[in-house]
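Contents: one structure, followed by commentary.
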Amino acid sequence: MTSPSSSSPLRLGIAGLGTVGAGVIRLLHANADLLHARTGRTIEVVAVSARDRTRDRGVDVSGLRWYDNALDLVSDPDVDVVVELIGGAEGPARALVEAALKAGKPVVTANKALVALHGSALARLSADNAAPLLFEAAVAGGIPAIKTVREGLAADRLLRVGGILNGTCNYILTVMRETGQDFASVLKDAQDLGYAEADPTTDVDGLDAAHKLTILAGLAFGRPVAFDSVHVEGIRHIGADDLAFARQLGYRIKLLGLARMTDDGLQARVTPCLVPQHAPLAQVDGVFNAVVAEGEFVGRIMVEGRGAGAGPTASAVTADLVDLARGQAITLWGVQSGTVEPVRACPISVGEAAFYLRLRVEDRPGVIADITAVLRDCGVSLRSMLQHPADSETAPHVPLVLVTHRTSEAAMQAAIAQIDALSVVTDTPVMIRIEAA
Ligand SMILES: NC(=O)C1=CN([C@@H]2O[C@H](COP(=O)(O)OP(=O)(O)OC[C@H]3O[C@@H](n4cnc5c(N)ncnc54)[C@H](O)[C@@H]3O)[C@@H](O)[C@H]2O)C=CC1
Ligand SMILES: N[C@@H](CC=O)C(=O)O
Ligand code: NA
């Protein structure tokens, strides 16, 4: 481990020179003097590894040692810190991080999939080999989310944590709301801007936010969270009409990741939510993310910033490098002792919420009576309803939007199944939870 008093350079080996890798090299170059002033050391890249040696990345890597095999960074005696920016929970990224930790080399990574799925095993390797593993960029990009939860809120017992954790989804929902464009063309923009994951289904199906929530909740509650205990829904089923209906009802739609400690264990979920339009979370638009936490003493806090893109992510990666250069690195879950067993999970079927339900129904007498009868039988109380006329006199189907009072998840799920089975309901119902935020 590097010594805080050392004034020798901190020498990096970077694997992955895509959006983030190139961004880190650019930042280290642009802010070299400032980083030296803040750490008393030079932070310099000595070696790199990526797939394509010839690609123009807008940064000069010609003077650096090049390895076709990223694992060679670990055995290079001139590399003090391995920076993993390849991505993916398995394959070369995992092999590299494990090898570096086993060799006692500190690792900085932006790889949320890897930390979410293998955090416990990596924490053990990190502890056994006294090799820090830092991953500030893995949660909410440029927002100091990890530091906020693990260090800034270290004194408090947290009750819930989460927020808007995926820039691609927030960008898509924002642009769809503002322009009425369709999902596919907005996703393409997000990819071109470097926000999306290599496989953007990871973003739009909610998995990326779930990776981040898994990590954040683990830090907030001091224990690993099993990734597969997180309930995950994405945004593909949200239409431009849902964004417009939400607006009429006084809400915005956001993909939220939220983890709450309940009497039955930790309930963690990633779901689209209607958020009151004047709530702070509703104002977080575009690629911006927001991390919210609530503690017994501190109350509620929110930190907002850019959750994706080269600059913000490079800023977070480099902040971890500054910690290493200063000799400050903390254990992975922020606890010094005690159990590392995963926290007990509480399924989403336990609990309650208010719900938005958008149906497409046949435009004929008795339809609303059929639907409200199901809600009555399931014990779901209706708060308001929007019924829009058909687009034209001849259109046979009309949208119908229902908003419920708070009710149990189980009752709502039962009602939706029965409503879906009604012959007058023509499309699969779209259900979105309403979150006070
Ligand atoms: N793009 C973003 O805004 C953010 C990305 N991240 C994370 O940062 C990591 C990198 O993401 P991006 O830069 O966006 O990805 P990217 O796809 O732009 O870059 C990946 C790089 O890894 C290289 N690579 C692939 N296989 C390799 C191998 N076997 N050995 C060496 N290099 C290899 C590729 O050549 C490419 O240079 C991922 O874990 C991602 O989840 C985290 C926060 C934000
Ligand atoms: N694909 C991610 C990038 C950062 O984690 C996102 O869109 O937020
Ligand atoms: Na971050």
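Placed from the backbone N, Cα and C atoms, the Cβ positions cover glycine too.
Just so you know, TrEMBL annotations are computer predictions that nobody has curated.
In sequence order, K112, A116, A138, V139, A140, A145, L165, N166, G257 are the residues near K212 (active site, proton donor), counting only same-chain partners six or more apart with C-beta under 8 A. What TrEMBL records for K212 is active site, proton donor.
Taken from TrEMBL, the feature NADP(+) binding site applies to A15, G16, L17, G18, T19, V20, G21, A22. Of all Cβ atoms in the protein chains displayed, 24 besides its own lie within 10 Å of the Cβ of L17 (NADP(+) binding site). In the three-state DSSP scheme, L17 (NADP(+) binding site) is classed as coil.
In three-state terms derived from DSSP, K112 (NADPH binding site) belongs to a helical segment. Within 10 Å of the Cβ of K112 (NADPH binding site) there are 29 other Cβ atoms, across all protein chains. The NADPH binding site annotation in TrEMBL covers K112.
DSSP assigns E197 (L-homoserine binding site) to coil, not to a helix or a strand. Non-local neighbourhood of E197 (L-homoserine binding site): G87, T168, D203, D208, each in the same chain, at least six residues away, with C-beta under 8 Å from its C-beta. What TrEMBL lists as L-homoserine binding site is E197.
Annotation comment: TrEMBL describes 356-433 as domain 'ACT'. Note on the domain 'ACT' (356-433): mean pLDDT across this stretch is 91.
Over all protein chains present, the Cβ of G21 (NADP(+) binding site) has 29 other Cβ atoms lying within 10 Å. In this structure, G16, T19 are the recorded positions from G16, T19, A22, K212 whose C-beta falls under 6 Å of some atom of ligand 1.
Only E197 of the binding-site residues listed as A15, G21, E197 bring a Cβ under 6 Å of any atom of ligand 2; the order follows the sequence. Of all the binding-site residues listed (A15, V20, A22), A22 has the fewest other CB atoms within 10 A of its CB.
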